[in-house]
């Protein structure tokens, strides 16, 4: 049983689906659109759908793998599948995915908040303040974090989407043409690059032991499909509105096009100005939720790997490492290189490490069955 959990330690499939949704969305609705539109251009919306289907498939494979070891997380069964050294490398790989995402999100969030809200505050100070708040949440038990995620899902996301939908007022449908992309290869490549938008679904390999046992694999797959369906719709909404307001050429030449889109909105008959600040106010709790969960996952992985009873010392140990990693991404070029590296690391984990784990697991169980026979 996972340490540091409250009495109500089990999750329903719908709670797991909410955790995946909230963890995936995070910062990427503001950080990722520019690079995707630059790669896929008018086909960026199709890339979002391709990516959603692709990473939903990867999540289904992870659910199948996790169901084979219902009482354990990947930290426990990876060494049995790959051996002690190989399993340790897989666990490090798994944890690195969360670490690299966390430092990139802190860097991007610090830069956005500094530029649009506190222009006289150094990004390092903003990152430090955010890190302290996220660390405080991450040292809580999973039951507390899960309740915060559920609250954010129903409140913060509703406000965020409501504010974002006001930008439809400036949408020009002709900017979306042509609907069918010319460069199919770029669209497919864009589908792979959406990993940064959907990343976070890997948490199912850590949380599955908490899901009620009587829930069938088929039900889990269907419910997770609903979560990914919502993710696809949300990301499509973001991409379509950005292109519809700014055009492809305009969007790919701006660092954070979503904020420029919302800044241009004027609500007639109201005194509301600078809508991008309202968007950021709704976005910050969303990102906080994602970062706190990922920091918890990192601490939990370390705790389980070293067979300790508490994840909190590990979270505190990781805080200065995360801070240093975030400020080392000191310019956009370094950030984009780290982003690309993380994407390929995540793709390889989902489509090489996980299928290989499943294959070896089936082979080992078949071999054990043959030996018994």
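Using N, Cα and C of the backbone, Cβ positions are placed for all residues, glycine too.
Remember, predicted model here, so these are calculated numbers, not experimental data.
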According to TrEMBL, which stretch among 249-271, 341-363 corresponds to the feature transmembrane segment?
341-363
Cβ pairs under 8 Å with the transmembrane segment (121-139): which stretch of 12-31, 87-109, 192-212, 224-246 has the most?
87-109
Under 8 Å, at least three CB pairs between the transmembrane segment (192-212) and the transmembrane segment (311-329) (pairs 6 or more apart)?
no
Cβ pairs under 8 Å only, please: of the recorded stretches 12-31, 43-66, 87-109, 151-172, which one is richest in them relative to the transmembrane segment (311-329)?
87-109
Can you work out whether the transmembrane segment (43-66) touches the transmembrane segment (224-246), with the criterion being 3+ CB pairs under 8 Å where the paired residues are 6 or more apart along the chain?
yes
In terms of Cβ proximity under 8 Å, which residues at least six beyond the ends of the transmembrane segment (87-109) contact it?
26-27, 30-31, 74-75, 78-81, 123, 126-127, 130-131, 199-200, 202, 205, 284, 287, 290-291, 294-295, 297-298, 301-302, 305, 318, 321-323, 325-329, 335, 338-339, 341-342, 345-346, 349, 353, 357
